[in-house]
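Listed features, source Swiss-Prot:
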- 2-49: domain 'F-box' (DOMAIN)
- 100-143: repeat 'Kelch 1' (REPEAT)
- 144-194: repeat 'Kelch 2' (REPEAT)
- 369-391: region 'Disordered' (REGION)
- 369-385: compositional bias 'Basic residues' (COMPBIAS)
Amino acid sequence: MTMMFDLTQDLVKEILSRVPITSLGAVRSTCKGWNALSKDRILCKAKPKQQFHQGFMLSDYRLRSMRFNISGTFKENGEEFVNLSVKEIGNFLNKVEISHMYYCGGILLCVTTDTRLVIWNPYLGQIRWIQLKTETMYSTFCLRYDNNKNHKILRFLDNKQGSYEIYDLKSYSWRAFDVIPKWDIDDDGQSASVKGNTYFRTIDETPNLLICFDFTAERFGKLLDPPFQHGWMSLSWVREEKLVALYQHLDTSMIEIWITTKIEPNALSWTSFLKCYIEQLIALDFWFDIDYNNFFIDEEKKLAVVIDKVESEDCKRSNSHINSYIIGDDGYLKKMNSLGNTARSYTAIMLSSCYVSSLVQIDDPIARRRRRERNSKRKEKKRKGTTNNKV
């Protein structure tokens, strides 16, 4: 019988590359070698043969992990092939209703329907509940880190225009600051975090303008132009290094996707990544629901995956279908696997397609000390039991 230590290192790396997000923590406890290799994966030292897009999706106020492989979109015989799976997360997060979620460098910020905040590191299995400084009916949040890799939460207080708060995970404290804005932030979730900064879509006389919040300087930049003005726009990102914008024309069947070649707090340069006329969209009177970050791209394959909600044609049914589509050049549109159903009143959100595990400790020092003490007691009890058995 083949034992774990009989496996070659290349085979182990390939196995680790296929481990679901929510199971990474269990790998660490298998053996010291696997723990070390899993850390290599986190530090991007190990490159699997097949590149999987991993991320999270929210529907019906429940968080789900998502795994998508489009590196094998076509088999050698020309037959189309896509490996897609969505899995419910069976931990404490499915015991609460989640209205929004935000991702940054392997850390998730979840907002419950009763406006409680919880930070989660899926790899380490650590959580932290965060007490709000100011109680309001509605708020918009985002999660990012500064140049020193200190994670921070930016909160927009909707009851006071121009009022914001910042939570520092290192100091466990909120700070308030006021800005006199000439714009309003779009509160429908349209933002993307790249290189330590977050770019928001603004609501102004000119639609689709962007503005950056610098988490190191803790200030907003100037208004930035996207590569287009009119139509429906959704934002995404690539490896937290490039900003991506999907633009859907209002009066034609054209879909455009642009990607940044230069990205700074006060300057953006764009290049066209994909442009296609999808005639069947007009024929079907169909438009992608892109109110949220629900698409991602594969630069190598020059394809985009869009997650979309389609309302049921049966008026007696309250559910809508969540579908996935692959779009490419020359009008290529392919409907892929169904991702299940969701309540009509809430749109599914595609959070991130480039999840990378993190070793950042997010639980508080007291909880960490108690955990170490429990582990130490278990080891001591096990050692004494082993000694007694030998006697």
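Any Cβ shown, glycine's included, is placed from N, Cα and C.
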Legend entry - Mean of pLDDT values spanning the repeat 'Kelch 1' (100-143): 86
Inset, instruction - May I have the DSSP-based helix, strand and coil counts for the residues of the repeat 'Kelch 1' (100-143)? - result: 0 helix, 26 strand, 18 coil
